[in-house]
Structure formats: structure tokens, C-alpha cells
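Asker: What TrEMBL shows for this protein is this:
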- Thr20, Lys21, Asn22, Gln23, Gly24, Lys25, Ser84, Phe166, Gly167, Tyr168, Asp169, Lys187, His192, Arg193: substrate binding site (BINDING)
- Asp83: Mg(2+) binding site (BINDING)
- Asp83: active site, proton acceptor (ACT_SITE)
Amino acid sequence: MKDVQMAANEKSKLKIVIATKNQGKVREMINAFQGLPVELVSLADLAERFQEPVEDGDTFAANSLLKAGYYQKQTGMACLADDSGLEVEALGGAPGVYSARFAGENASDADNNAKLQQELKKLGRESSPAAYQCALTFMDAEGRVLTAKGFCRGEIRLQARGENGFGYDPYFYVGDVTMAEMSLAEKQAISHRGAALREMAVLLQDYFAGC
């Protein structure tokens, strides 16, 4: 009887495709939605491969909505899309929506971090106030949309520390600790994506309650 109930619970879960191949983001989202009746899969988990959409929005929210709509239509599944990035005060808010491609298309984390260091050094700066921002969009198969945002203020420094995290985390300090020195739980408690995921989890609870 217990096995039958478990099977029924699995069948009742909503399958959601996460619009990313970034396994760091996938881990954070799966961790945040534990306890919700969802099954999260990433684009890398799907057999079909999709051309990436052109992210031409001028805000994180616009790009998040764009990606959610695109992959929902491509897969026919409910979709959760994230657009997030780093805004550095000394660089006038750059890299902003271009965070993932600051050093050019298909740039690696190492490439983008090298570009970040280069731009700060040009200004004679070893540090700058900075902030991470995150916009999340959930879109179901009927086109219903939920949105959430998160924000984390910190400082970019030229000295990298830590082996965890991804992106600009080794250079993003909150106090005297970088995001890359934090455990996943510690990071999600204060990070921009953690805040957005907590807000989205509440919205999804209400969404399922109304289904």
C-alpha cells in the first residue's frame, strides 16, 4: 500500500523544465523546492536539444519572461526561468544583463571574471560596491505566469577566494566571506537567487492550492 501511495504521489507531481544548463543553478532550485509537488528537470536532462533564444531584454525580468515563454512553447512543459547577474557600482552597473557574456558570446566564468578584473584595474580600483540581482519566471502549460525577484548587496574585490558556487561568486564578498566560500545552505540564506526562490516557493504553494 505504501508503494502504491508513493507511486501516486510521483504521478501527481508537476514536471517543470528549468531553462538552464547551469548545474549550479539547477542544484539551488532543486534544493529550494523540496517539499513541493514538483519534479524539476534541466534542459540538459531532456533528449531534445533546443537553440537558445536571443536574450534581448534590457532587464533581468524581461529576459526571464522571454526564456520562460520560449522554452515552455518548445517543450510543452511548465517552465521555470532565471535571469540574474552582477551590477558593479564602479562600472556604472555593468555587466548587468550581460553578466553571462561579459567577455563575449560563449565566455566561461573564468573569461568573465578576468574581464571584470581588467575593467576594475583600468579604473585603478581594487574593489567596488556591487549587487547581485535575480528574476524568476514560472510559466505553466496554459500560459499562467508567476514572477519573483531577489537582491543581494556586497562588494567585488580583485582577490578570489573559495571553491564553491559559480559565476562571479569567488570575487563577490558579503562581509569578509565570498559567495564561493559558503555552503549551499549558507549561500541560499542570503543570496539573490535564494531570496527569489523562497518567494517563488510561496507563490507555487498558492498556485497548487488553487489548482
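In case you wondered, yes, glycine gets a Cβ from its N, Cα and C as well.
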Asker: If H, G and I count as helix, E and B as strand, and all else as coil, what does DSSP give for Ser84 (substrate binding site)?
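Answerer: Once the DSSP labels are grouped into three classes, Ser84 (substrate binding site) ends up as strand.
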Asker: In whole Å, how far is Asp83 (Mg(2+) binding site) from Gly167 (substrate binding site) when you measure between their Cα atoms?
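Answerer: Cα of Gly167 (substrate binding site) to Cα of Asp83 (Mg(2+) binding site) measures 13 Å after rounding.
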Asker: Can you check which residues sit near His192 (substrate binding site), meaning Cβ under 8 Å from its Cβ, same chain, 6 or more apart in sequence, and list them in order?
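Answerer: Residues satisfying the criterion: Ser84, Ala131, Tyr132, Gln133, Cys134, Gly150, Phe151, Cys152.
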Asker: Which one, from the binding-site residues Gly24, Gly167, has the smallest tally of other C-beta atoms lying within 10 Å of its C-beta?
Answerer: Gly24
Asker: What kind of secondary structure is Asp169 (substrate binding site) part of, going by DSSP in three states?
Answerer: helix
Asker: Please classify the secondary structure at Asn22 (substrate binding site) using three-state DSSP.
Answerer: coil
Asker: Rounded to a whole angstrom, what is the C-alpha distance between Thr20 (substrate binding site) and Asp83 (Mg(2+) binding site)?
Answerer: 10
Asker: Specify the count of other C-beta atoms within 10 Å of the C-beta of Asp169 (substrate binding site).
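Answerer: A 10 Å sphere around the Cβ of Asp169 (substrate binding site) contains 24 other Cβ atoms.
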Asker: Just counting, how many other CB atoms are there within 10 A of the CB of Ser84 (substrate binding site)?
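Answerer: So the number of other Cβ atoms within 10 Å of Ser84 (substrate binding site) is 24.
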Asker: For Asn22 (substrate binding site), what is the tally of other C-beta atoms lying within 10 angstroms of its C-beta?
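Answerer: Other Cβ atoms found within 10 Å: 17.
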